[in-house]
Amino acid sequence: MKFDPEKIKKDAKENFDHAWNEGKKMVKTPTLNERYPRTTLRYGKAHPVYDTIQKLREAYMRMGFEEMMNPLIVDEKEVHKQFGSEALAVLDRCFYLAGLPRPNVGISDERIAQITEILGDIGEEGIDKIRKELHAYKKGKIEGDDLVPEISAALEVSDALVADMIDRVFPEFKELIPQASTKTLRSHMTSGWFISLGALLEREEPPFQFFSIDRCFRREQQEDASRLMTYYSASCVIMDEDVTVDHGKAVSEGLLSQFGFEKFLFRPDEKRSKYYVPDTQTEVFAFHPKLVGSNSKYSDGWIEVATFGIYSPTALAEYDIPYPVMNLGLGVERLAMILHDAPDVRSLTYPQIPQYSEWEMSDSGLAKQVFVDRMPETPEGQEIASAVVAQCELHGEEPSPCEFPAWEGEVCGRKVKVSVIEPEENTKLCGPAAFNEVVAYQGDILGIPNNKKWQKAFENHSARAGIRFIEAFAAQAAREIEEAAMSGADEHIVRIRIVKVPSEVNLKIGATAQRYITGKNKKIDIRGPVFTSVKAEFE
């Protein structure tokens, strides 16, 4: 909290030790629910795929490549030009774009009656306005998402009524079936490179070195641990009169060495795609130390990571490109799986989707989900709670019956004396579980004593909820005393006995933690004999 520096300097000159010790009063005492680890500074994290993309961008640029964005939507005729006789096989794996046709809607007398019933009497002029707007929509002058607002503005009626009118009067809009176009979503980055390079030659002369990292789409039969229907391709091209296969090898090593790969093996690719010159299509295998001994088929450290080749003159000629072009491509997700030690591309890409990944919640995360339910709402109430805890710490082992005054003052306009009591004989002021602390340990949430048996559980301070049973009970007692003061009671006693569930000691566990613990077959074990009471006497 804020303080007066001049007063502090004056007090320090008079009595330095006293002023120094008084400094504790300047530091706010957090409430139980404000304590660490519930008070935390969150930080953002990059998605592993986007993190890998950024690293690839930097790696390419360090090698002197310039970034380019290639067309994502490619007409099927481009695929025929690039792939020749392979085009149909390639198109079989492409997603075609489709759109809803725009119906030619008529307005009969029956429909006019329905419109009038919904919108009221808008007259012939209003019907004509609807006709004009529908005609403009049919001609493409109005976009689909603007049709309702346009009719609404023309008729000066609400959007909701117009939407209801279209839904009930014009069923044609609900019966529309998408019609496929000849445009596809790019399945290979190559589809975009031919278009970009052909256009660029009209304005610039090679040599060129470009890279592009962007989405591609493939109509796979199904997605599995190693393939998705949409993925990122990190592709580059070198256009130069003297470019050779060796440039592909050099780029492979230069790029992949920046990601920890140490050895390289180049093998002719058996696929022999028609857009590459025969015998230039090459698979790149690389050795990465992180893979050695892993639980994967790459435990020997070797993995196929890229493919390169020289574009075929027959494909380049379709775009009037007279220069050789070396192209290299690699899947970003495969590289990300190596860098982030991920066994499944689905869980790597979509970790938020339960069907793709195991839910893992840290002990620290579980501890953040433990809260005190009822808290005092006044400064005096907070003082009462602290005083109750202090008396229990001082006299918890005292034999009963016993009573210890804890706090005296005014609460909600009424004077009150607060004591910690244990009226029963042959016991103690506090039961043996009173000072148990809530800790998350190995996926469980436990209420346990801080002793040698549980030393391992208490070593991780970020997994300690920072709440003892007696503190949670004292908070409840203080809140009840505040309520008793406002209700006009003369006396109020708050008791706690054997705790069997968190709510009996004024604790609540967040719903997220409860779902996690239930799903993982873990446990919430907060129980034990607390046995103490707090008495408030009002004047």
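Including glycine, each Cβ sits where the backbone N, Cα and C put it.
When the candidates N104, N327 are compared with the substrate site entry in Swiss-Prot, which names H188, M189, T190, S233, A234, S235, Y275, Y276, the shared residue is N327. The Cβ of A234 (substrate binding site) has I53, L56, Y60, F211, I213, G329, L330, G331, V332, L335 as same-chain neighbours under 8 Å, each 6 or more residues away in sequence. Sequence-distant neighbours of N327 (substrate binding site) (same chain, 6+ apart, CB under 8 A from its CB) are T190, W193, S235, C236, V237, Y276, F308, G309, I310, Y311. Listed in sequence order, Q82, F83, G84, E86, T190, Y311, S312, A315 are the same-chain residues at least 6 apart in sequence whose CB falls under 8 Å from the CB of Y275 (substrate binding site).
Sequence-distant neighbours of H188 (substrate binding site) (same chain, 6+ residues apart, CB-CB distance under 8 A): V90, C216, S233, G329.
Every protein chain considered, the tally of other Cβ atoms within 10 Å of the Cβ of T190 (substrate binding site) stands at 28.
According to DSSP, T190 (substrate binding site) is assigned to a helical segment.
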